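Participant: A single structure is presented below for examination.
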Amino acid sequence: MTMNLIQLLKGKWRFKMIISIWAMTKEGLIGKDNQMPWHIKEEFQHFRRQTLHKTLIMGKNTFFSLPKVFDKRKMYVLSHEKDFKIDHPDVEVIYDYKDLLKEYANNDKKDIYVAGGLYVYQQLIPLSDILIVSIVKGSYEGNKYLSVDFSNFVQYKQPEIYDQFSVYYYKKKDQKNSI
């Protein structure tokens, strides 16, 4: 991604925040064959609480891995296939995340939650203002690993500790707004 796009998105055009939210093991495992390698009810509930009544962006494979379309959320599904369509009132297919970010740029009331998968996280975590990261305890098998450079982020509140995972909250270091 070019620095010009980042400057454009973070400068003149401004939406409230880009928030990336995901669960991973301490090794960075996030998926196995387009599914989550774990089924932790409390972690799913945490995701639901964080994203309810919000706008989400995710990749096509992530969308198809969902048990159903999430209720009470606007969902944008990123696809490189120009003829790909989804017929649902709360779901819109987009072909370039930059267009979506430009559309939301002047909206200072809406956050955009990045909800996976690997490619979408790799593109949008560097643009994110907030990271909400669940670290899942235990060992799991999988084939999708996310490597995140946390050097531009700082933990801004105490982790939430659960039996099977812990949630960490980070904000971008140069963020001027208090959280």
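Residue 1 is the first one shown; counting continues down the chain.
Glycine is no exception: its Cβ is also placed from the backbone N, Cα and C atoms.
According to Swiss-Prot, the protein carries these features:
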- 17-179: domain 'DHFR' (DOMAIN)
- Ile21, Trp22, Ala23, Glu43, Arg48, Arg73, Ser134: substrate binding site (BINDING)
- 22-23, 30-35, 59-62, 78-81, 115-120: NADP(+) binding site (BINDING)
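So where do these features actually land, and what's packed around them?
Facilitator: Here the domain 'DHFR' (17-179) has a mean pLDDT of 93 out of 100.
Arg48 (substrate binding site) is surrounded by 13 other CB atoms, counting those within 10 A of its CB over all protein chains shown. Reduced to three states, the DSSP call for Arg48 (substrate binding site) is helix.
In three-state terms derived from DSSP, Glu81 (NADP(+) binding site) belongs to neither a helical nor a strand segment and is classed as coil.
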Participant: Under 8 Å Cβ to Cβ from Leu78 (NADP(+) binding site), same chain, six or more residues apart: give me those in sequence order, or none if nothing qualifies.
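Facilitator: Expected: Ile57, Met58, Gly59, Lys60, Val93, Ile94, Tyr95, Asp96, Tyr97, Val120.
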Participant: Check the Cα-Cα distances from Trp22 (substrate binding site) to the binding-site residues Asn34, Glu81, Gly117 and tell me which is shortest.
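Facilitator: Result: the closest of the binding-site residues to Trp22 (substrate binding site) is Gly117.
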Participant: Under DSSP, is Gly117 (NADP(+) binding site) part of a helix or a strand, or is it coil?
Facilitator: coil
